[in-house]
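In TrEMBL this protein carries:
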TRANSMEM  A:41-61  transmembrane segment
TRANSMEM  A:68-88  transmembrane segment
TRANSMEM  A:138-161  transmembrane segment
TRANSMEM  A:168-186  transmembrane segment
TRANSMEM  A:217-238  transmembrane segment
TRANSMEM  A:266-285  transmembrane segment
TRANSMEM  A:291-310  transmembrane segment
TRANSMEM  A:317-334  transmembrane segment
TRANSMEM  A:354-382  transmembrane segment
Amino acid sequence: MRRSILSQPSVIIVLLLLTAFTVAVVGMSEAAGGTLSTSLVKTLGMTLCLCLVAIAMDLVWGYCGILSLGHFAFFGLGGYMVGMWIMYARTEQIVVQAAQAATLPPTPQEIRDAIGTQIFGVVGGARIPPIWTFADSLWIQLLLVVLVPGILALVFGWLAFRSRVTGVYLSILTQAMTLALSLYLFQNDSGLRGNNGLSGLQNIPGWESTPQSVVSIYFFVASAIALGAGYVLAAWIVSGKFGSVVRGIRDDEARVRFLGYQVEHYKLFVFTLTAVIAGIAGALYYPQAGIINPAEIAPIASIYLAVWVAIGGRGRLYGAIIGAAFVSLLSTWFTGGRAPDINLGFATIQWVDWWQVLLGVAFVCVTLFAPKGIGGLVDYVVRKP
Amino acid sequence: MSALLEVAGVSVAFDGFKAINNLSFEIEEAELRAIIGPNGAGKTTFMDIVTGKTRPDKGRVTWGPSNISLLRKSEAQIARLGIGRKFQRPTVFEDQSVFDNLVMALKKPRGPMSAILYRRDEADTDRIHALAEEIGLTKELARRSGELSHGQKQWLEIGMLLAQDPQLLLVDEPAAGMTVGERQHTTRLLRDVAKTRAVIVVEHDMEFVRALDCRVTVLHEGSVLAEGTLDHVTQDQRVIDVYLGRSGER
């Protein structure tokens, strides 16, 4: 009896716009002989990934009412997992190539040692840490993109929701989680190269002969597909009774319990699912960014995520896309040094610094005067029956 | 004769204040019972204990023919066992339509996966329309429940309670804010429901209790002061002293 998810107007419009945008960007890219620079294509592809993690944030916060300020940790973990394979496989190629010049063929152990020195020399190590055990297998690392954020969210969520930690306490706990993870990764012996992070992630092993302009298109299209699929999945699960229950949990958790629903199970489900989506988004983002380091999952990143969703409008999915795209692109523009400075005579507003102030003011204004965010404008156009 | 719900020797204190003091209470499988008592007599705390919101310091609460203890169960588990609750202040999900509120309450598997995969069939739709008819909200089904009047929200909550198909209904002040006609309808409904299920009504309004025409339990300072027909308890001198005399009601 449930209408097909693909018949919802908002889903159709989002998918059409996304398709049109993808076709336009691909058509105008350098790879297709257009004028759109490769770095801009990468920025746009990364923006699509941010939109995907924003959808996850909207599911967990806008629909289920859990203000998680730690979802960027899952995003970062996804990036690290795929980054490990890229770095390992790429370094292996280089090592093997270099060894071909030697008179004796190297033993597998020698190759492994050389890879270890190459990757971990920067943090004063040479041994490959145990967490890199599967780094040579793309498929296992891709599985870990889903499993590592998923399991972390499952354990963390189980502990938190079981103890009925809610509201601001839960937000603080999630901040603590992402801070702890970030501090841990900053350590040189964490096994993930400390503050150097993983780099050279734009060089995808196996695609050496493919120019970056083409690689960027591959990732851009993959990001667009992931965003479209994530949007449809999210819209699908909130369209039926599950959506009713999670919105009920957001509005009156106790009442949902008295209806016989195990609120903790629902929260855990949403928390874990969104962590997995965030992990996938991160796995697509960082090969386009080229580098990941622990600063990426600093507490502020997850707060930005909440700000995007608030500015875009909570509880409407497309609001998350609008907010993430709008704010992150503006941020790129303002901090990229292309925004003209304003000379006030006694002081100069340099947008690289003042952008944060502008964003803060915008956030306060949206919270006070437009709690529905930018997406709320849609309500003026479409009068609900 | 086995009681559906048995509460025996239950006590609970909040910061030293004894909200419930050695309370014992029983209800049969198809029985209508009114609980009355002055403010602070422990009526709401009693409901909180039965529904799992509050854990008593001592005593036992057992349910059903096999006497399952409810003390270690969560609110959701108790609700799934068949105890439904209607709150004093109507609490419906205001952001959602009347229809969706009722769908959520319908007796169905309650797990996340079953909720995701749930497909409403003909029977469920019919059931919701029948319920809407019963609670007089047929025309309001598509409306956001936040737009309903106070009385309509009361009705919606009663409808949600019925949709759960519980064996025991705990109803807190159902008639508050209702018109005379609506009260009569509520009375009829509750008496009807009590033919096959147990119903406990907490109520202040004596006229309403009289119309229910059922056994009455009077609570005072966390324990049962008197029990019997309304006429019986209203003639009890202790009841007159602590409750009826003070509030000036008949």
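Even glycines carry a Cβ here, placed using N, Cα and C.
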Restricting to the same chain and to residues at least six past its boundaries, which positions have a Cβ under 8 Å from a Cβ of the transmembrane segment (A:41-61)?
25, 29-30, 67-68, 71-72, 75, 213, 216-217, 219-220, 223-224, 226-227, 230-231, 234, 237-238, 270-271, 273-275, 277-278, 280-282, 284-285, 288-289, 305-306, 308-309, 312, 314-317, 319-321, 323-325, 328-329, 332
Are there 3 or more C-beta pairs under 8 Å linking the transmembrane segment (A:317-334) with the transmembrane segment (A:217-238), counting only pairs at least 6 apart in sequence?
yes
Short question: most Cβ pairs under 8 Å with the transmembrane segment (A:291-310), which of A:68-88, A:138-161, A:168-186, A:317-334, A:354-382?
A:68-88
Between the stretches A:68-88, A:168-186, A:266-285, A:317-334, which wins on the count of C-beta pairs under 8 angstroms to the transmembrane segment (A:138-161)?
A:266-285
